[in-house]
Structures are given as C-alpha cells and as structure tokens.
Amino acid sequence: AELKSCFPVGHECDDDASNCNCCGDDVYCACGWGRWNCKCKVADQSYAYGICKDKVNCPNRHLWPAKECKMPCRRNCG
C-alpha cells in the first residue's frame, strides 16, 4: 500500500507497515509486549541514525522535514 500520509509522535501506528507510518527521520513505530498498543515514538540518540537510514526509502518521506542522517556522536562532540 502506498503511504500517502504519516502519523505524528504519540499517534497509534501500524506495526506491519514499518516505520514509514510515522512522520520524522528519527520517529519509529514502537509497540508494547505482544505487538499491541503501537505508537509513534522518537528514537533515542543511539538508535536515531539506524532509524533514519531505514526511512530514507520511505515513499512518503517528503511529508516530513527530512534531514541528513547523522552518525551518532560518540565523543568529543561540539
């Protein structure tokens, strides 16, 4: 199914439709135990890069202000 929209953080999301459900490069579909109660959630810094790389090919990526995926900063940052 072509995604023509995306959900904001905190909105319920469909686990089966991947993180493309959720608006934002670092926002993913997080589910409770047993894959229920799934909601769009902002990824921790350590996961954000992987989520972003995953979402580069989302067909609806133009719907959110897409950023460059930045490697997580390990040490001596800024």
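Just so it is clear, glycine is given a Cβ too, placed from its N, Cα and C backbone atoms.
Given the structure is predicted, the values throughout are model-derived calculations rather than measurements.
Features of the protein shown, as given by Swiss-Prot:
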type	residues	note
DISULFID	CYS6-CYS23	disulfide bond
DISULFID	CYS13-CYS29	disulfide bond
DISULFID	CYS20-CYS52	disulfide bond
DISULFID	CYS22-CYS40	disulfide bond
DISULFID	CYS31-CYS38	disulfide bond
DISULFID	CYS58-CYS73	disulfide bond
DISULFID	CYS69-CYS77	disulfide bond
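On the structure: features taken from Swiss-Prot.
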residue: CYS6; record: disulfide bond; DSSP (3 states): coil
residue: CYS13; record: disulfide bond; DSSP (3 states): coil
residue: CYS20; record: disulfide bond; DSSP (3 states): helix
residue: CYS29; record: disulfide bond; DSSP (3 states): strand
residue: CYS52; record: disulfide bond; DSSP (3 states): helix
residue: CYS58; record: disulfide bond; DSSP (3 states): coil
residue: CYS69; record: disulfide bond; DSSP (3 states): coil
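When the disulfide-bonded residues CYS6, CYS13, CYS29, CYS38 are screened for a Cα within 10 A of the Cα of CYS22 (disulfide bond), the ones that qualify are CYS6, CYS13, CYS29. Of all the disulfide-bonded residues listed here (CYS6, CYS20, CYS23, CYS29, CYS58), CYS29 has the Cα closest to the Cα of CYS40 (disulfide bond). Checking the disulfide-bonded residues (CYS6, CYS31, CYS38, CYS52, CYS58, CYS69) against CYS13 (disulfide bond) with a 10 Å Cα-Cα cut-off leaves CYS6, CYS31, CYS38. Each of the disulfide-bonded residues CYS13, CYS20, CYS38 was ranked by the number of other C-beta atoms within 10 Å, and first place falls to CYS13. Considering only the disulfide-bonded residues CYS6, CYS29, CYS38, CYS58 (disulfide bond) has CYS6 as its nearest partner by CA-CA distance.
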